[in-house]
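As recorded in TrEMBL, the features of this protein are as follows:
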DOMAIN    B:1-100  domain 'FAD-binding FR-type'
BINDING   B:R51, B:P52, B:I53, B:S54, B:V68, B:Y69, B:R70, B:G75, B:T76  FAD binding site
BINDING   B:C215, B:C220, B:C223, B:C236  [2Fe-2S] cluster binding site
Amino acid sequence: MNREALKISLPGLELKNPVMPASGCFSFGEEFSKLYDLSELGAIMVKAATHEPRIGNRTPRVAETSSGMLNAIGLQNPGVDHILDHELKFLEQYDVPIIANVAGSEIDDYTIVADKISKAPNVKAIELNISCPNVKEGGIQFGTDPETARRLTSRVKEVSDVPVYVKLSPNVTSIVDMALSVGDIADGLTMINTLVGMRLDGNGQPILSNVTGGLSGPAIKPVSLNMIYQVRQHLPHIPIIGMGGIATADDILDYISVGADAVAIGTMNFTDPMICPALIEALDEKLGEMGVGHLHDLKGRAYK
Amino acid sequence: MKNIMTVVAQNRIADKIHEMVLEGEITGSMKTPGQFVHVRINDTTEHVLRRPISIADIDQENSRFTIVYRAEGEGTKKLSKLGPGDTLDILSPLGRGYPLEQNAHVLIVGGGIGVPPLYELSKQLNIMGVRTTHVLGFNSKKDVFYEDKFGALGDTHIATADGSHGMEGYVTDVIRTLDADFDCFYACGPKMMLKVLSETMDLEGYISLEERMGCGFGVCYACVCETAEGDWIKLCTEGPVFRKGEIIL
C-alpha cells in the first residue's frame, strides 16, 4: 500500500494521513482504542478542554435531524489539569499527534488552558474553539466578532508552545471576514464548527433542553464546502483542516478539491465507530484507482 | 462490538410494538440482563444516530437474541419493515445490566416499553431459583405484551391506566395490593414511575433509565445523568441500570 500518497505536512503536524477525528466526537480516544490502533490516525482532535471542569447542559442533549444531528452537550469536560494528567497521558502510548481543543468564556480562560496544554509532550497543535454555539456564558462571541477573534488569537499565540489553528464558526454573516481577521496571526484554520439549529417534538416543543443545538453530519457538508471554497480564494496559503459531514472517501476528495489540506471526521464516528480507519483505507485505494501520486495533487481542483 | 446480525423473525406484538429476533455470533457475549444494543437504521446517512434498544431475550443455544421496540419515529418505523434474511448493523452488548443476586423472592416492575429487558432478567433469576413476581403497567389493553411469557415465570399482574385490562391504575396501585415479602425490586419504565418506586418502596432496588444517546459507548457525553453525589456520569457506560438512590431522578 502506498501510504506516501496520504502523508501531509502542516504547521506542527506531520500527518501519516489526512484523516483525524473531530473534537467532541471522539472524547479522548480511550473508548476507540478498544476498537482499533489509534496510531493509524493522522491526528486526534481531542474533546474541548476548559480551565475549570464543566458539567455541561441538561438532557436531552442530542436530537437526530435529516442526515444530521443536533447537539447541545455544553463542553462537559473534567478541566485542563485532569486532561493533562489522565487523558493526554493515556494517549502518549500512541504514535499520533494530538490537536488540543481549547475553550473558554473569557480571554484569560483560553490563555491559561493554552499555556498549560501546549506543553504536553504529545500536543502538537491547538485548535482554538471560538465557535461552540452551546455555551451561554461566552465562547460564541469570540467566533462571531472579527476584532474579538483577532485579539483572542493573538493572546493565545503569545502563550502557546505549539501552532494555533482557529476553528471558525459558520454562524456569521461573512466567513471570509472572520478568516481574514485571524488569517495573519493563526497558523491554520479548522472549519467549520456546527450550525445553530433546533428541532421540535410532536407537541411543538423543542427537544433539546438548551432549545438550540449545533447541527452536524452530512446535512452540513455543502455549507462547509462552500465556506472553505470562499476562504481559500482569499487566503490561498493558510492551512485548512476541513470538516462537516464526511462519510466517504469521495467526501474527503471534495474537501481537498475546494482547498482543504486535511480533514476531520465528526458525527459519523457515532454512526460507525470504525469509520476513521475505514476511510484511510478507502482513500488510499481511491487514489490508487485514480492514478493520483499524492492527495494534494487534487488540492484546489474545484477552481480549475 | 460492531456486528452484522441477521433478522430471523419480526412480529408486531402490540400497538406499535415490534419483536425482532436476530441471529449472530455476538450473542455469545450477551450475559447480563439489562444491557442494550445500539442499532443502525440503514447504511445510508439519512439516519446518523443509532437507536438504543434493550435486549429482551437471549438464546445462547441458537446464537439468537430478541429486541422489542416501539415503532414510533421514522427510524424505528423503518426497522419494523425488516424481515427474515435482512441484516442489521448493531453495536453490542453495551452498558451495565442488572446485578443478579441470590434472593428468595423479588418484585419486578415494568412500564410500557420498559418491560422488555425485565423478561431476560426474570428468566435468569428463575434459573437461579429466585421467585419472581411481576407487575407490568401499560396505558391500555392494546399496548399490553408479554403477559403470558412473564406469567410462565411467576405471578404476573397487569395495570392499565384506562382499566381496559388488568387493574385500573398504575403499577404502584397493584403493588399496594400485594401481600408478599420481597427482598428486592427491579424496575424499568418511565422516569416518573422509577421515581415513585424509588421513593415509596422500602426495599433495595435497581432501576434502568432511558435517555437520548449519541454514540452509545461513552464518547459523546449526550446521555448523562446526575448522581446523588452531584457528579454527571454517562448512562450508556455507567448505566443504564443503577442502584436505587444512586441517581437523581
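In case you wondered, yes, glycine gets a Cβ from its N, Cα and C as well.
Here the structure is a predicted model, which means the values were calculated and not measured.
TrEMBL feature annotations superimposed on the structure.
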| residue | record | CB count, 10 Å |
| --- | --- | --- |
| B:R51 | FAD binding site | 22 |
| B:I53 | FAD binding site | 22 |
| B:V68 | FAD binding site | 23 |
| B:R70 | FAD binding site | 17 |
| B:T76 | FAD binding site | 18 |
| B:C215 | [2Fe-2S] cluster binding site | 29 |
| B:C220 | [2Fe-2S] cluster binding site | 29 |
| B:C223 | [2Fe-2S] cluster binding site | 28 |
| B:C236 | [2Fe-2S] cluster binding site | 26 |
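Residue counts for the domain 'FAD-binding FR-type' (B:1-100) under DSSP, split into helix (H, G, I), strand (E, B) and coil, are 14 helix, 49 strand, 37 coil.
Those binding-site residues from B:T76, B:C215, B:C220 lying by chain A, with Cβ under 8 Å from one of its Cβ atoms, are B:C215, B:C220. Checking Cα-Cα distances from B:T76 (FAD binding site) against the binding-site residues (B:C215, B:C220, B:C223, B:C236) with a 10 Å cut-off leaves nothing; none qualify. Across the fold, the C-alpha of B:R51 (FAD binding site) and the C-alpha of B:C215 ([2Fe-2S] cluster binding site) stand 9 Å from each other. DSSP assigns B:C215 ([2Fe-2S] cluster binding site) to coil in the three-state reduction, placing it in neither a helix nor a strand. Of the candidate binding-site residues, B:I53, B:V68, B:R70, the one lying closest to B:C220 ([2Fe-2S] cluster binding site) when CA atoms are compared is B:I53. A helical conformation is recorded for B:C236 ([2Fe-2S] cluster binding site) in the three-state DSSP classification.
Residues B:R51, B:P52, B:I53, B:S54, B:V68, B:Y69, B:R70, B:G75, B:T76, recorded as contacting FAD, have a largest CA-CA distance of 16 Å.
The Cα of B:C215 ([2Fe-2S] cluster binding site) lies closest to that of B:I53, out of the binding-site residues B:I53, B:V68, B:R70. The domain 'FAD-binding FR-type' (B:1-100) scores a mean pLDDT of 96 in the predicted structure.
When the C-alpha distances from B:C236 ([2Fe-2S] cluster binding site) to the binding-site residues B:I53, B:V68, B:R70 are tabulated, the minimum falls on B:I53.
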